[in-house]
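Novice: Sharing a structure with you now.
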Amino acid sequence: MAGALTHLDADGAAHMVDVGDKAVTRREGVATGRIVMSAAAVAAIRAGAVKKGDVIAVARVAGIMAAKRTSDLIPLCHPLPLTKVSLDLAIEDDGVTATALAATDGKTGVEMEALTAVSVALLTVYDMAKAIDKAMRIEGIRLLEKRGGRSGDWRA
């Protein structure tokens, strides 16, 4: 039934969905989000002047690592053999935007992996720049696109 919560059984108990009957197909998920910050924090990140190091490089690696650990962080997610995770971090006048793409050839989608990559990348930016701006705000984390699988393609 459309719109049903697939992770709940007939009694309302949480369970991991059985994907055994699904076909292995190419699946991709794209997610985005941003962190808004002061001009001083943006300038420090741009100049490479943050004491903890290269914010963009560390956030990119953190996001990629997090995507690979999604099933350890989100209880009912299946562990997936990711074939690709890419993470773009764009420095803007008022913050940083992160966009992640996760891909697999598997039986379930990689939307959660893309969302996890973006979330952890932005948390890493916050951690590294919080000495400059504690009022930074993470916002707009969302799925932009999913491709493949039984439910087909979707775009925001």
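Even glycines carry a Cβ here, placed using N, Cα and C.
Straight out of TrEMBL:
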- 16-149: domain 'Molybdopterin cofactor biosynthesis C (MoaC)' (DOMAIN)
- Leu76, Cys77, His78, Met112, Glu113: substrate binding site (BINDING)
- Asp127: active site (ACT_SITE)
Novice: How would DSSP class His78 (substrate binding site) in three states?
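Specialist: Looking at the DSSP assignment, His78 (substrate binding site) belongs to neither helix nor strand, so coil.
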Novice: Return only the integer: C-alpha distance in Å from His78 (substrate binding site) to Asp127 (active site).
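Specialist: That comes out at 28 Å between the alpha carbons.
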Novice: I want to check the contact list for Glu113 (substrate binding site): same chain, sequence separation of six or more, C-beta distance under 8 angstroms. What comes out?
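Specialist: Once residues fewer than 6 apart are set aside, Glu113 (substrate binding site) is near Gly29, Ala67, Lys68, Thr70, Leu80, Leu82, Val85, Ala102, Thr104.
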Novice: Can you give the largest Cα to Cα distance in Å, as a whole number, for the residues Leu76, Cys77, His78, Met112, Glu113 that bind substrate in the record?
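Specialist: Output for substrate binders Leu76, Cys77, His78, Met112, Glu113: max Cα distance 13 Å.
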Novice: So among the binding-site residues Leu76, Cys77, Met112, who's got the most Cβ atoms within 10 Å?
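Specialist: That would be Met112, with the most Cβ atoms nearby.
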Novice: Sort out the sequence-distant neighbours of Asp127 (active site) for me: same chain, 6+ apart, CB within less than 8 Å of its CB, listed by position.
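Specialist: When sequence neighbours closer than 6 are ignored, Asp127 (active site) has Lys52 within Cβ distance under 8 Å.
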Novice: Determine the Cβ neighbour count for His78 (substrate binding site): the number of other Cβ atoms within 10 Å of its Cβ.
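Specialist: Around His78 (substrate binding site), other Cβ atoms within 10 Å: 16.
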Novice: Around the substrate site (Leu76, Cys77, His78, Met112, Glu113), what further same-chain residues have their C-beta within 8 angstroms of the site's C-beta centre?
Specialist: Thr70, Ser71, Ile74, Pro79, Leu80, Thr108
Novice: Specify the secondary structure state of Met112 (substrate binding site) as given by DSSP, simplified to three classes.
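Specialist: Note: Met112 (substrate binding site) is helical by DSSP.
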Novice: Could you give the number of helix, strand and coil residues in the domain 'Molybdopterin cofactor biosynthesis C (MoaC)' (16-149) as assigned by DSSP?
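Specialist: Final tally across the stretch: 46 helix, 46 strand, 42 coil.
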